[in-house]
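Database features, via TrEMBL:
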| type | residues | note |
| --- | --- | --- |
| DOMAIN | 103-217 | domain 'Ribose-phosphate pyrophosphokinase N-terminal' |
| DOMAIN | 251-352 | domain 'Phosphoribosyltransferase' |
Amino acid sequence: MEAPPSFFLSQNRSLTLKPSSPLHSHFLLPNSNNNNNKNRFSSTCEIKSNLRNWSIEHVREMNKDSSIHGNNNSSSSSFSSSLVSVSAATSSEFRTKNAKKVVLFFCDETKSLAQKIASESDSIELRTISWGKFPDGFPNIFIPNAQSIRGQHVAFLASFSSPAVIFEQIPVIYQLPKLFISSFTLVLPFFPTGTSERMEDEGDIATAFTLARLLSNIPISRGGPTSLVTFDIHALQERFYFGDNILPCFESGIPLLKRRLQDLPDSDNISIAFPDDGAWKRFHKQLQHFPTIVCAKVREGDQRIVRIKEGDPSARHVVIVDDLVQSGGTLVECQKVLAAHGAEKISAYVTHGIFPNKSWARFEHDNGGHPESAFTYFWITDSCPLTVKEVTNKPPFEVLSLASSISASLQI
């Protein structure tokens, strides 16, 4: 049972409630004007307790004989006016005491993010895995002291940045649930396949579906199917690729962007631009309180040109929002058309900064007055660790960490 709250009175005296049942507490309050025991009275408080606070639902006066009607009205009034505050554990203390303990494993690429996640909560314990290779290049992997995680909630922070590391991590992902653990959560911030797939011709193979089937067949732990935490999956239909043996939890990085926009000096002059209808469908409900601009690609001859479909960027700080960026061609074309229509500043946000072949280098920093060729800010998350290493401390890039969101997801 949690420590009960204390009542602080104007006489600088405190009384501690000792719950006699989950919802009720009884205590004696001495009368400061008379030390005679006959003038002592007791009060009953009904206390509502939850993970965040203690609240007083009802206070009534009782005389010495526990009668509801007594002659101590003045004392009751004095008590009511002298009640200043209830001292209780803070929300964070309650969350810590009631938090689910989680053992978090990670791969080499996600070590930095794992450390940030662990710093968010005392209930998360980091554990290492020995990642080696045999002489023929195949993985040689070992989980130290594996028997110590029996009966515990376990999570693995993965990064599927290439086919090679996917093959390296899949054996670990399949083995952890078999170690008699209470539950298993796979945290995969970026679900990588399907970003360029188009199922248009006979013979096209959906690798996104194949990867989803791989993850759907992770062995069931003692606690049931594996939970999968992933952020802003690219194609909406991909969430239906997963089978019944995995429980996908689809999170978003947009709340991080919204908090960052609130801190900008021109936060009241922000408009959100979507580079295509797909981005609008994916994010517009989370950003509905901002003025919206929707762009679209139209075909003119052999070229596909970006046009503004709706909205007015004139004199606004326009933030282009999408789930991911690779070469950045669409963002650049969108930037040009927004600047041509009078945007004062142009920034961008993507949850997943993939940037193959260092394509991030094409994005320059606008110190003011050049929205047609440079960005004021370019926000990404740390879902792609290799990109984060390359763009850290390189304006216009800023990294918004998913650590707090992942830490919260591990408590579900």
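Numbering starts at 1 and runs along the chain as it is shown here.
Cβ from N, Cα, C; glycine included.
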Q) In this predicted model, what is the average pLDDT of the domain 'Ribose-phosphate pyrophosphokinase N-terminal' (103-217)? A) 93
Q. Using DSSP, what's the helix, strand and coil tally for the domain 'Phosphoribosyltransferase' (251-352)?
A. 31 helix, 40 strand, 31 coil
Q: Determine how many residues of the domain 'Ribose-phosphate pyrophosphokinase N-terminal' (103-217) DSSP places in helix, in strand and in coil.
A: 40 helix, 26 strand, 49 coil
